[in-house]
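Q: First the structure, which I've put down as structure tokens, then a few questions once you've had a look.
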């Protein structure tokens, strides 16, 4: 990790930032408020798009499921691009403003489409080419904006605080995740109710106003922010280190070590790993700091890769779980039906209470010591992966019960049977993603904070794309998911496969965590 004294921050005029005047808790808290508003908008769309695509656009359930996972996956996939831009060419403030504006433009396009009948399929007809082009242009403009926002905003918020104060950094990421969850709670309650009862045009109107307000609030705070100027492309430096090491691969390691730049102040805990990179120091244009930066980033990748399968399981909450809920008894009372996408509400409410309880009363569990904090984050991530396996096993059992009651007794069981998997998967997401965001920010080099925190979201992206691939493979090989809806499919077997895959992945994670 980089020492705070090595990091130089500027104010908005380009002068050295003044402690007490620039940055601090107040500046960081704006990032939390803005994330709450932006995530409310994003989840208001992504968690219920499955019904929008099937009911309003007349896509099949399989096609609509893949559209949702591809949209969500692309949104998080582009966090790597957003992080690269924020670290390499722009300040994180500027990156957020640009990407949030792109997201807003995409949302405006979807809003206009929802208000113009000619841009929507009529009756039971499938969408025309023009209608599809407008839809996908709006969707992926939103996805591009989300990618940049998710990468730049948490790193910008962390930059406002003294990185030597590990408790403060940990507290920021906990409250940041609290804000993210609170935005999600508002999305799956108020916004989903509006979509189901008032229509998607009203939902898009409200989302556009909220996102525009979030952009305004963030921009108004710029005089109090402190900014870290980009130092060029960190990925280019990593590539140069690899190229230099490859070119000097036949020279003795001792020769490379003799050429170390002793002016480097990096104190990486990974200095004994990836020793082949030492040969890059034979190139006079490669500093020891750049080699240590490369080593540190490489050490994060196995942890990142070990969370992808978990996010594949999480993808089911916005696809097949919603489709299950649409075919179950949704009545809470005689006159009120619960939208399936709102099942997240109870889980998110429990999450909000647990995060607040930990921050207010349970902080003694962790330590300000960085080594122990790293160990604590490892345990959080591992617990999240374990909960995911349990949740998929329960999901398989619930689906088997649902179909048994429907086939043998002609009974639609209550929608709330799905709550078990929703609660467990939401808690596993809190533990895993929350642990990753803090872990990657703490451990990454100072010049790679955005792209490193983006790894947590990038894992989500790959998990959603993996879900699409597994759905297609399962359909092609077994036919389990070939039904017109989940009643004609063997969804419980698909869930069982995901349970097995994630359990294997859990042991893979333990292997790499012990060797970090």
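Don't overthink the numbers, they just go from 1 along the chain as shown.
Here the Cβ of each residue, glycine as well, is placed from N, Cα and C on the backbone.
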Q: Give the range, chosen from 39-61, 200-222, 223-245, that TrEMBL lists as transmembrane segment.
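A: TrEMBL lists transmembrane segment for residues 200-222.
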Q: Can you check which of 173-194, 261-282 TrEMBL lists as transmembrane segment?
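A: It is 173-194 that TrEMBL describes as transmembrane segment.
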Q: Near the transmembrane segment (297-321), which same-chain residues lie under 8 Å Cβ to Cβ, leaving out any that are not at least 6 residues past its ends?
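A: For the transmembrane segment (297-321), the far contacts come to 46-47, 49-50, 65, 68-69, 72-73, 234, 238, 270, 273-274, 340-341, 343-344, 381, 384-385, 388, 391-392, 395, 418, 421-422, 425, 428-429, 432, 436, 439-440, 443-445, 448, 452, 455-456, 458-464, 466-467, 470, 486, 491, 494-495, 498, 501-502, 505, 508-509, 512-513, 516.
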Q: Quick one: do the transmembrane segment (67-86) and the transmembrane segment (341-361) reach 3+ CB pairs under 8 Å, ignoring pairs fewer than 6 apart in sequence?
A: no
Q: Among 132-153, 381-400, 420-441, 453-473, point out the range having the most Cβ pairs under 8 angstroms from the transmembrane segment (173-194).
A: 420-441
Q: Grab the same-chain neighbours of the transmembrane segment (200-222) for me: Cβ-Cβ under 8 Å, and only residues 6 or more beyond its ends, written as numbers and ranges.
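A: Distant Cβ neighbours of the transmembrane segment (200-222) are 12, 27, 30-31, 33-34, 37-38, 40-41, 44-45, 52, 56, 93, 96-97, 100-101, 103-104, 107-108, 110-111, 114-115, 191, 194.
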Q: Do at least three CB pairs under 8 A connect the transmembrane segment (341-361) and the transmembrane segment (420-441), leaving out pairs fewer than 6 apart in sequence?
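A: Between the transmembrane segment (420-441) and the transmembrane segment (341-361), contact is present.
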Q: Using Cβ distances below 8 Å and needing 3 or more such pairs, separated by at least 6 in sequence, tell me whether the transmembrane segment (381-400) contacts the transmembrane segment (132-153).
A: no
